[in-house]
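Chemist: Dropping the structure in here first, questions after.
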Amino acid sequence: MAFRSRREKLRSILSGPGCIHPGSVYDAISIRIAEDLGFPLGMFGGSVASLAVLGDPDITLITLTELAEQMRRMSRASALPVLVDADHGYGNALNVRRTVQELETAGAAGLTIEDTLLPAAFGEAKTQLISLEEGVGKMKAALSGRSDPTLVIMGRTGAAAITSLDDTIRRAQAYEATGVDALFFTGIKSRAELEAVAAATHLPIVLGGAPEELNAPDYLAGQRVRIALQGHAPIAAATQAVHDTLKALREGAPPKALKGLASAELTSRVMREAETKARGADVLGFKK
């Protein structure tokens with residue numbers, strides 16, 4: 001299948017001995033830059049998807065169609081494997097199945113399904129979780145939705161920050177029993193908590209939003225953490241750069257005086273200009 005090699009690369013990361021940091025990607029430009037810099041994996045987060053596609057905060061306003069289409073654009077632009085934050089699967093367990101099908105055909109190497117109650121319930125300001133039973137149903141639905149067995153399905157829980165460590169372990173063990181390929185934890189606050197969930201489970205671990213004391217790669221690898229997220233700085237940097245450039249122009253700065261712009265060489269490389277010209281020479285008679 002067209003995307004199988006990307007999925008096998010993600011599986012090799014999960015089965016390997018080390019812990020890697022993925023590059024946060026959100027469009028064709030960012031994924032090509034991450035690929036060129038040698039990142040082994042891209043992470044397409046829900047928050048950056050909402051910001052890049054809609055300009056909205058991370059409150060589950062983006063639709064599955066919009067998420068999958070953005071993933072499809074990135075898959076076309078780059079061969080970098082991408083792990084997609086599929087949030088709650090955009091509905092109930094049947095919706096989760098559809099979500100997996102759409103993201104699989106869009107070229108995702110893997111995806112996460114979480115047990116957060118989304119969108120937020122009426123009258124509830126605090127983040128809530130769905131029941132363990134509903135979470136298990138979503139994991140089973142996700143697994144039944146894939147047609148390519150190499151597509152990586154991860155069960156994600158934020159219970160560590162919402163309920164308790166004991167609940168985190170119960171949920172992780174239940175999701176593991178469904179046959180998912182890895183466990184994704186957010187809200188882990190200490191080494192003791194990480195060691196507890198690692199001791200109680202067997203699957204590869206993905207860690208998001210961890211404190212500074214959990215950022216030692218060798219230590220993480222020893223706890224079966226194979227992927228550790230580092231946030232989404234690239235889109236924040238891009239937002240600031242666009243703001244500063246437009247502000248300078250609005251205030252009268254001449255375009256040639258602007259600083260921090262991409263060079264012609266970098267722009268050409270990111271847009272794959274040489275490859276496009278070569279294809280044009282072959283099929284349109286362009287001069288090389």
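Residue positions begin at 1 at the first shown residue.
Heads up, the Cβ atoms here are built off N, Cα and C, so glycines get one too.
From Swiss-Prot, here are the annotated features:
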BINDING   Ser47, Arg156, His232  substrate binding site
BINDING   Asp85  Mg(2+) binding site
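For the listed features, I'd like the structural context: burial, neighbours, distances.
Modeler: Around the Cβ of His232 (substrate binding site), a 10 Å sphere holds 17 further Cβ atoms from the protein chains shown.
Around Asp85 (Mg(2+) binding site), a 10 Å sphere centred on its CB holds 22 further CB atoms from the protein chains shown.
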Chemist: Rounded to an integer, what is the Cα-Cα distance in Å between Arg156 (substrate binding site) and Asp85 (Mg(2+) binding site)?
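Modeler: Approximately 10 Å lies between the Cα of Arg156 (substrate binding site) and that of Asp85 (Mg(2+) binding site).
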Chemist: On the three-state reduction of DSSP, what should I expect for Ser47 (substrate binding site)?
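Modeler: Once the DSSP labels are grouped into three classes, Ser47 (substrate binding site) ends up as helix.
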Chemist: Ranked by the number of other Cβ atoms within 10 Å of their own Cβ, which of the binding-site residues Ser47, Arg156 ranks first?
Modeler: Arg156
Chemist: What is the separation, in Å, between the Cα atoms of Ser47 (substrate binding site) and Asp85 (Mg(2+) binding site)?
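Modeler: So the Cα of Asp85 (Mg(2+) binding site) lies 9 Å away from that of Ser47 (substrate binding site).
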